[in-house]
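K.L.:
TrEMBL lists 7-27, 33-50, 57-79, 111-133 with the feature transmembrane segment.
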Amino acid sequence: LFSGSYFGGVSAFILPLGIMLLSDAIIGFHSTMIYVYGSFLFIVLLGKFLKTKTSFIRLTVTSLISSILFFTITNFGVWQGGGLYPKTFQGLGQSYAMAIPFFRNTLLGDFFYTFILFYGFQLVTLLLNRLAFVKKSS
């Protein structure tokens with residue numbers, strides 16, 4: 001979300017996907033990477049809607065939507081690509097049901113980091129602007 005909101009063009013996508021690729025190279029690649037990376041692409045696009053206004057409500061809603069996107073896309077990938085669940089509609093439902101306990105922590109983490117990144121960046125920007133104003137005035 002942050003990258004989509006504050007970076008333009010291809011840079012908005014390269015930063016989060018590059019970081020993910022680097023961490024996957026260290027931690028290890030996995031069979032559902034395409035779904036994780038795909039969900040990140042959608043989340044970066046969602047961040048573009050925050051360029052004009054980053055109100056508390058807008059951040060909360062877009063963070064919630066990004067969590068739901070990630071949950072939906074990656075658990076579909078687990079069902080489709082892994083051997084854990086039968087390739088039936090019931091198996092897909094089971095894949096989503098088994099992931100629900102993890103969704104709470106996804107939401108909490110996404111909300112926490114969304115607000116830290118956006119409001120932290122705004123605070124740093126405000127402090128740097130004040131510092132520049134004080135230096136210019138003296």
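Cβ atoms here come from the backbone N, Cα and C positions, even for glycine.
What TrEMBL says about a protein is an automatic prediction, not a curated fact.
Keep in mind the model is a prediction, meaning the values are calculated, not measured.
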K.L.:
State the non-local partners of the transmembrane segment (33-50) in its own chain: residues 6+ outside its ends, Cβ under 8 Å from one of its Cβ atoms.
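P.N.:
Sequence-distant neighbours of the transmembrane segment (33-50): 1-5, 12-13, 16-17, 20, 24, 58-59, 62, 65-66, 69-70, 73-74, 76-78, 81, 118.
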K.L.:
What parts of the chain pack near the transmembrane segment (7-27), using Cβ distances under 8 Å and only residues at least 6 beyond its ends?
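P.N.:
For the transmembrane segment (7-27), the far contacts come to 33, 36-37, 40-41, 43-44, 47-48.
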